[in-house]
Amino acid sequence: MTDLNRRAAAILTVDLGAVVANWTQLRDRVAPAECAAVVKADAYGLGAAHVVPALRAAGCSTFFVAQFEEALVVRAAAPDARVLSLGGLPQGSEADFVGNRIWPVLNHLGEVAAWRRFAHAQGKALPAAIHLDTGMNRLGLGPDELDALVRAPEWLDGIDLRCWMTHLACADEIESPVSAQQLGRFRAALAQLPTAKASFANSSGIFHGPSFHFDLARPGCALYGVNPTPHTANPMRGVMRLDARILQVRSIDSPATVGYGAAHRVEGPTKIATIAVGYADGYLRSLSGRGHVHVDGVAAPIVGRISMDLITVDVSGLPDHAAQPGGLVELIGPNRLVDTVAAEAGTIGYEVLTSLGPRYHRVYSDPYAPQ
Ligand SMILES: Cc1ncc(COP(=O)(O)O)c(C=O)c1O
């Protein structure tokens, strides 16, 4: 154990081998389609600078981010990979995209026109993807813009179109009719447009079957262990654990309250462990009085409000040796799955992961080390 591991208030351990195993599983599921990796928001909070080289070494050659600055991180971590930025083409950024070999996902005809103009000025066709909105009403060319493109395909002159893409609104809801509707709209659009590759499925979409795979799948959350099939057992491996240090254990003998707002009241003898994690670490405040941690293999309830740097846990049910100052408790990990923590917090695994804070001491396993 390093000094930092010993000193650290909380330790985030990322198993890059599990990320790679999850990507490999999805790659095999979508073959012969290509499997990309969505690594926006710093690889969903787990660290793009670590995740990207591991996936690249495993054979992943296409990465999606949301923003240009994120694309630069991927470009540095995987110099020969294809990098696409989902957030479009910010005004005046064309030269930055070209200079760093980043492909914009063009989200409206204004961006298509700007890319075309820049390509003409450069005297060469420039690669890009185009996002079609099939029902999310968020990003992508809407029905009118699609019609305009179908009527005048010269919009695409000078654009080296690598991919048409769209995004599912309800992929994780197996009963929802929306995915089939979007599939129909995407197919109808592709039938009218110049031929290029197509990309449709996110993590959950991959599990809808081959008709959703097209040429390029774009999984994100499943790579990081979030269940892409919430209606059934999680087919993915857990990839991270988060442990935090017990700072104090105190015994309360008579009726008293715990923490801010005196929000938790104990009536009789109670043992409270104070643990070094809080909302400043992205440990969601909505877990106040609702969440659990695992102490020596036993679930113990978070009591009182989560504060900036601390949480309080009722460890009355545990033997003294299990909860000792200096020891670690499991906040997320094999006993407390990301999706379970998310459900307790009233949110989704994506938010739990992307909230993981900068103060954690981060430890990355080497996916290629002998097991
Ligand atoms: C356009 C797009 N494609 C793919 C993904 C990956 O989705 P998921 O994390 O559900 O696999 C996202 C994530 O939000 C997205 O916005």
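Cβ atoms are placed via backbone N, Cα and C, with glycine included.
Annotation source TrEMBL lists active site, proton acceptor at LYS40, TYR260. Annotation comment: TrEMBL describes ARG138, MET308 as substrate binding site. Taken from TrEMBL, the feature domain 'Alanine racemase C-terminal' covers 239-365. If you look up TrEMBL, you'll see LYS40 marked as N6-(pyridoxal phosphate)lysine.
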Across the domain 'Alanine racemase C-terminal' (239-365), average pLDDT on the 0 to 100 scale: 96
Secondary structure composition of the domain 'Alanine racemase C-terminal' (239-365) [DSSP: H/G/I, E/B, coil]: 26 helix, 48 strand, 53 coil
Which of LYS40, ARG138, all recorded positions, has a Cβ with the fewest other Cβ atoms inside 10 Å: ARG138
Neighbourhood of TYR260 (active site, proton acceptor) by C-beta distance under 8 A, where only residues 6 or more apart in the same chain count: GLY304, ARG305, SER307
Alpha-carbon distance [LYS40 (active site, proton acceptor); ARG138 (substrate binding site)] in Å: 17
